[in-house]
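All remarks here apply to the structure that follows.
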Amino acid sequence: MEINRGVLIVVLIVVSSAGLGLAGDIVHQDDVAPKRPGCANNFVLVKVPTWINGLEDNEYVGVGARFGPTLESKEKHANHTRLALADPPDCCNKPRNQLTGEVILVHRGNCSFTMKANVAEEAGASAILIINNQTELFKMVCESDADVDIKIPALMLPQDAGSRLEKYISNNTMVSVALYSPKRPAVDIAEVFLWLMAVGTILCASYWSAWTAREVAIEQDKLLKDASEEILEVGAGSSGFVDINTMSAVLFVVAASCFLVMLYKLMSFWFVEVLVVLFCIGGVEGLQTCLVTLLSCFRCFQRFAESFIKVPFFGAVSHLTLAVCPFCITFAVVWAVYRRISFAWIGQDILGIALIITVLQIVRVPNLKVGTVLLGCAFLYDIFWVFVSKWWFHESVMIVVARGDKSGEDGIPMLLKIPRIYDPWGGYSVIGFGDIILPGLLVAFSLRYDWLTKKTLRVGYFIWAMTAYGLGLLVTYVALNLMDGHGQPALLYIVPFILGTFITLGKKRGDLKTLWTRGEPERPCPHVQLLPLEQRE
């Protein structure tokens, strides 16, 4: 059962690798339409609160144009202005109705965006809202020969929002709007909690992995003293751990790339449902493993953990596992059913953390060489699918998959997420499972090495590896904020910190050869240690 569980977790690593440090964009760059004087705005999202007959109504979100003045960033500075319909609706000719500073609502089509804005400005409008002919938003750029000396803001609204406002005005209802584009705070407390969550997950998993490795080493020493070599080989083969080798590290990235492309091409509602099922299976396995191990530490549960019953297909299963399993399944099913409610992220994070800890307990990096190959390949994988993929697919494959575009869902489930608290745009701060699992494999290896070599925290490698991961993740969030919330590959920053620290420190201390090849200290046979010195020769 343990070996099957290890294979399941390795598969789930591939599934969970499609994630990265990501925040919702509020500023959209555009590399296709060139900027020029009067047409150099970034495409910013704009909030449009509305009032119907003086009573506050819905708030809509539009996107600002490349041209025109920038909008206020605070709602209290934005003016409440009456909304008027254009006549003709497309605003390609001078409106028949005289405007006195109203915001004009027009339809897309029949002429350029800049022409509509110029006509609206000449007619006396204070701003122009253009209704898109689709539910999505469209980036309004400038034509090469357009007059871009425009003094009023221009904004595009989605079709459903514009149609609703148009219906109100057609029924002689007074509609007023305010236009403002709030800025995202430099740091949101959600990022702090997410950092603590990622670091804490690796910390817990590393100590569990090191404790298990030390127990196995102690058991092997006992077998060397008391048992035959044949019994030792049987005992060593039943550990239930999955050691990664160099070839599997390379194949992992190849498989993850293929899976990512499949996610990108097949992204839809039903495909996300499949991912939810896979995530729930992994989450149940992870939560069950963590709970059984935790409860086994208490004396009152040890008897149930050490008594087993034979279950078809699964083999010998402890009574404690059978008792915990229904709770884990129920937890995962309830999350799956209610995952769209506002606080469902809590259940997703619980299942995700349990899955990550279980993966880091079962899957292991045997030495620094394999860890370097794995993280080096993952480093290139992250950079390629976030940045380079834009050249072939005209969009970042990793970001599209992480956001769950075209799926009708708020991103794929293989992410840890926390709602942004002080961000006026809301959304979530997220990190992919792969950005925790892959570096976590090397961090857990460092603590296992320290414990087996009996190194203290001060002279060991774990505290340095843990610090390197924390700093790398911190730099990732700094980059996210500097890039206006654009998705960033976390491993771009984490991998150089961890590998650079490990290799530099190992070379300086003279342990690099042992770390690179063996990954653990040489343990002389206890039989030899018991013999007098003159008999060993």
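Using N, Cα and C of the backbone, Cβ positions are placed for all residues, glycine too.
Here is what TrEMBL records for this protein:
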- 1-23: signal peptide (SIGNAL)
- 88-165: domain 'PA' (DOMAIN)
- 192-210: transmembrane segment (TRANSMEM)
- 249-270: transmembrane segment (TRANSMEM)
- 276-301: transmembrane segment (TRANSMEM)
- 313-337: transmembrane segment (TRANSMEM)
- 343-363: transmembrane segment (TRANSMEM)
- 370-388: transmembrane segment (TRANSMEM)
- 425-447: transmembrane segment (TRANSMEM)
- 459-480: transmembrane segment (TRANSMEM)
- 486-505: transmembrane segment (TRANSMEM)
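Each of 249-270, 276-301, 425-447 was scored by its Cβ pairs under 8 Å to the transmembrane segment (459-480), and the highest score goes to 425-447. For the domain 'PA' (88-165), the model's pLDDT averages out at 86. When each of 276-301, 313-337, 343-363, 486-505 is scored by its Cβ pairs under 8 Å to the transmembrane segment (192-210), the top-ranked stretch turns out to be 343-363. When Cβ-Cβ distances below 8 Å are used as the criterion, the transmembrane segment (276-301) is approached by residues 5, 8-9, 12, 15-16, 208, 318, 320-321, 324-325, 327-329, 331-333, 335-336, 339, 350-352, 354-359, 361, 413-414 of the same chain, each at least six residues removed from its ends.
With Cβ pairs under 8 Å as the measure, the transmembrane segment (370-388) is packed most heavily against 249-270, out of 249-270, 313-337, 343-363, 425-447. Counting only same-chain residues 6+ beyond the ends of the transmembrane segment (425-447), those with a CB under 8 A from a CB of the stretch are 13, 16-24, 26, 45, 182, 184, 188, 190-191, 194, 198, 201-202, 205-207, 209-210, 244, 256, 345, 352, 355-356, 359-360, 363-368, 371, 374-375, 378, 402, 410-411, 414-419, 460-462, 464-466, 469, 472-473, 490-491, 494-495, 498-499, 502, 519.
Secondary structure by DSSP for the domain 'PA' (88-165): 17 helix, 14 strand, 47 coil.
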